[in-house]
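If you check TrEMBL, you get these features:
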type	residues	note
DOMAIN	107-184	domain 'Beta-ketoacyl-[acyl-carrier-protein] synthase III N-terminal'
ACT_SITE	C113	active site
DOMAIN	239-326	domain 'Beta-ketoacyl-[acyl-carrier-protein] synthase III C-terminal'
ACT_SITE	H253	active site
REGION	254-258	region 'ACP-binding'
ACT_SITE	N283	active site
Amino acid sequence: MAIKKVKPILCSYLPNNIISNEIISQMVDTSDEWIKSRTGIEERRICKDDYSLVDLGSNAALEAIKKGNIDPAEIDLIILATSTPDDLFGSAAKIQYRIKAFNAAAFDITAACSGFIIGIITASQFINTGIYKTVLVIGADVMSKFVDWQDRSTCILFGDGAGAAILKSTIKQHILGFQIKTNGELNSELTLSSKDLLQQNIAIQVFNRQYNFIQMNGKEIYKFAISKVPEAILNCLNTYQIQIEDIDWLLLHQANIRILKAIGEQLSIPQNKILNNLYKYGNTSAASIPIALDEAILENKIQDNDLIIMAGFGAGLTWGTVIIKWKDKLN
Ligand code: COA
C-alpha cells in the first residue's frame, strides 16, 4: 500500500527587497549594533511599489499547491490570518480567485501575531468535524505599510512576508493539543488603531475613518511575552500530559531574540531547540511562524515524529499555543 503523505505542506514567500539595519540607521537615530543587540534583527524584507497582501499570500499559497501537487479545486476552505488586509472587507476571497480555488469558502481572521496559530486551530476544528478535508491556512502581513518609518521604536522591528500551510483531513492526528488566550485589558499596549474625522461640507454629521501607524509600548509587550507565553505553554503541555523534555522544537512567533531566549530559559528548553530566523526577516506578524516552519523543514531540522510546540503572541493581546507531532505516515 502506498504511504500517504499527510504532513501539512508548508511554503513561504518573501519580497526580495532587503532593508538592512544600516539603511534604517540612515533614516532614524539608531544603529546596526543597537538593533542587533536589542532585537536580534539584522535585516527585513519590505514590499516595493504597490505589491499587495494578496500578492504575498497568493504567492505563498501557489507555492504550497505546487509543492503538494494539489489541485486547487480540492481546497475546501481558505483561512487568511492577517491584520493588514488590502481590503477591510477581507482579502481571502481575492486570494481564492487568484489561486483558482473555486470550490473553497474563504475568510480572514484578525489576531495579529497569533493569527497563524489561531488559523491552524480553526482549520483543525473544521477538519475534525469532517466538514472539510483540505484547508489552506495563510499567515501574511505587510507591516511596512502601517509602520511609522520615523519612529525608531517600531520601524526597526517589522517586515513583510507570507507563509501558507495546506492541511489535509489526517491533520487531526498531528495536533495533539492547543490553547488560545486573550487579555483585552492590555489592548492599548499594541495597536493599529483608527481615528474618525468629521466630514466637512455635508448636510449630516458623518465621520470618516483613517488608520494610525502601529503604536506599541515595547516594554509592556516584552514583559507580557516572557511571562504569559511560557505559562501558557506549560499549561498546554500539562493538559495533554506531555513532558517538556519530550519537546524537540520550540517555534515561537519571531518577535525579538531576547524574548525567544527568555522563554526558552524559563521552560528549560535549550537554545539549539529554538527555531530562529528573526535576523533575516524581523517580525512578520502572522507570517513569522509558517515562514520559520517552512525553513526548518527545508533545512531538514524537523524529523518524523518530532514534537513541536508553536506559540504566537501579540496585539489583542492574544496568545496561542499548539502542540504538533510531525509525522509522515498514518499509523
Ligand atoms: N535605536 C536606538 N535607541 C533606541 C531605539 C532604537 N531603535 N529605540 C529605543 N531606543 C532608546 C530609547 O529611547 C531609550 O532611551 P533612553 O534610555 O534614553 O530613554 C533606550 O533606547 C531604551 O529603550 P527601551 O524601550 O527601554 O529599550 P528596550 O530594551 O525595551 O528595547 C524593544 C525596545 C522595542 C526592542 C523591546 O522593548 C521589545 O522588543 N519589546 C517587544 C516588542 C515586540 O516584540 N512587539 C511585537 C510583539 S508581537
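Cβ coordinates are placed from backbone N, Cα and C, and glycine is handled just like the others.
Unlike curated records, TrEMBL annotations are generated automatically.
When the active-site residues H253, N283 are compared by the number of other C-beta atoms lying within 10 angstroms of their own C-beta, N283 comes out lowest. In the three-state DSSP classification, H253 (active site) falls within coil. In the three-state DSSP classification, N283 (active site) falls within a strand. Averaged over the region 'ACP-binding' (254-258), the predicted model reaches a pLDDT of 98.
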